[in-house]
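**Q** Take a look at the following structure, please.
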Amino acid sequence: MSKLAHAQWSSKMTFVLAAAGSAVGLGNIWKFPYMVGESGGAAFVLVYLVCIGLIGLPILIAEWLIGRRGQENPINAMADLAKRGGHFPAWVAVGISGVLGGFLILSFYSVIGGWSLYYTLGSVTGNFSGKDADGIGAVFTGMLGSPGLLLLWHTAFMVLVIGIVARGVTNGLEGAVRTLMPALVILMLVLVGYGITTGHFGEALAFMFSPDWGAVNGEVVLAAMGQAFFTLSLGMGIMMAYGSYLGEDVNLLSTARTVILLDTVIAVLAGLAIFPIVFANGLDLDSGPGLIFVTLPLAFGNMAGGTILGLMFFLLLTFAALTSAISLLEPAVEFMEERTSLSRVAATATCGIGVWLLGILALLSFNLLGDFLILGFNIFDLLDNLTSKILLPLTGLGAVVFAAWCLDRQGVAQELRLSGGAESLWVVVARYIAPLGVIAVFVNSLVG
Ligand code: PHE
């Protein structure tokens, strides 16, 4: 594919919005709170924040650098850049595992996107109003126990994703993200406000920010690092693919700061909205993937205007999930479109159907295949753990090592508009701190 024919973002703003749209999603609102709950609270939060700053930021920039240099799908970009620089052809593995990771993640991500759609509908039909914690819990377990229901909503979610990706990623994304992201932030603030009225906000604050360092072990640190990768959409070729549509005029460093700040604020707000409800109702901190689906409907059922707020919340959550899901499919589609003779629509349908099929196995883990374990995990947990804790960190490690050691240092400094001490700091972080950080977390989790 010729370089000239490769599309570019219509403006800098579109790029920022697309990157934020990819980063902010179920990872922030669904996954972050339940991982905090499972992993003992504040210690996890603080390790996570350190991982975001010292590992997430440099890797995000590394992926954009590689994508922008390559101007192609992640696999071709890595292959070409390695060849041009006279490096090992094996670097292409970074591109391949990225594309594969996106594919695997989307399969279980779409199942949760389906839950969000189902809850959107449930808010309209009054499925949650007047129910107590047990009633709300029963709605959730009822959904999990029904393969047909899960399949229906997983399918609906994938149809939406395929429909949007087939038309090309930039069309329509910009306007939607621009209005809906602020709406999401405002709604989260309203929910935090509700949390304050429960009288248990202080407990939630302490749980999230007052660490019990005794709770930290290798497993918690690995989970926190995995979450940092997941929430920033790193290690999956996505940010590389988005970088490949990027012109020279975008300041990568300040853009990365904006995206990371927004992503982190939304995750923390989600925690501050959810934990007061957990404490107020004596719910289980350790409820896992069901946490937001058994806490927030309780709040909506008990507050003035709760029906409409609940509807808005689940709509926005679905939307945030969609903008992330689009980005998960994009690298595989971009690759197929540029490498094969398939049209964009055919490439999207092929990848989308593959993801949909794998997603069916994931959703059956909640019912029919609940006892089918591989390495001690059901299929859903296996896909989640394999990607977040292994594939993403390894791919991200490859990307940052390549960007920091194999791309020419001067060119990168110019691209990042860094000089003097700031440039040296970048080199130290990207060459040593981030890669060694990832390796240390791996080793640490192996030894316990
Ligand atoms: N970052 C997204 C989220 O937090 C999920 C995602 C992961 C999207 C990986 C793309 C790639 O929900």
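Residue positions begin at 1 at the first shown residue.
Backbone N, Cα and C define each Cβ position, glycine as well.
All TrEMBL annotations are machine predictions without curation.
Note that this is a predicted model, so its numbers are computed, not measured.
Pasting the relevant annotations from TrEMBL:
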type: TRANSMEM; residues: 12-30; note: transmembrane segment
type: TRANSMEM; residues: 42-67; note: transmembrane segment
type: TRANSMEM; residues: 88-112; note: transmembrane segment
type: TRANSMEM; residues: 150-169; note: transmembrane segment
type: TRANSMEM; residues: 181-201; note: transmembrane segment
type: TRANSMEM; residues: 221-247; note: transmembrane segment
type: TRANSMEM; residues: 259-283; note: transmembrane segment
type: TRANSMEM; residues: 303-329; note: transmembrane segment
type: TRANSMEM; residues: 341-370; note: transmembrane segment
type: TRANSMEM; residues: 390-407; note: transmembrane segment
type: TRANSMEM; residues: 428-447; note: transmembrane segment
**Q** Where else in the chain does the transmembrane segment (88-112) make close Cβ contacts, counting only residues six or more beyond its ends and a cut-off under 8 Å?
**A** 25-26, 30, 73-79, 81-82, 150, 154, 157-158, 161, 230, 235-238, 240, 289, 321, 324-325, 327-332, 335, 351, 354-356, 358-359, 361-363, 380, 383-384, 386-387, 391-392, 394-395, 398-399, 402, 406
**Q** Would you mind listing the long-range same-chain contacts of the transmembrane segment (42-67), meaning Cβ under 8 Å and 6+ residues beyond its ends?
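**A** Here the qualifying positions are 35-36, 74, 77-78, 81, 206-213, 215-216, 220-221, 223-225, 227-229, 231-232, 234-235, 237-244, 246, 252-253, 255-257, 259-260, 264, 268, 271, 396, 399-400, 402-404, 407, 412, 415-416, 426, 429-430, 433-434, 437-438, 441.
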**Q** So which of 12-30, 259-283, 303-329, 390-407, 428-447 is most in touch with the transmembrane segment (221-247), counting Cβ pairs under 8 Å?
**A** 390-407
**Q** Which residues, given as numbers and ranges, are at least 6 beyond the ends of the transmembrane segment (390-407) yet have a Cβ under 8 Å from it?
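**A** Cβ under 8 Å, 6 or more out: 55, 58-59, 61-63, 65-66, 69, 78, 81-82, 85, 87, 91, 93-94, 97-98, 100-101, 104, 225-226, 229-230, 234-237, 240, 427, 430-431, 434-435, 438-439, 441-442.
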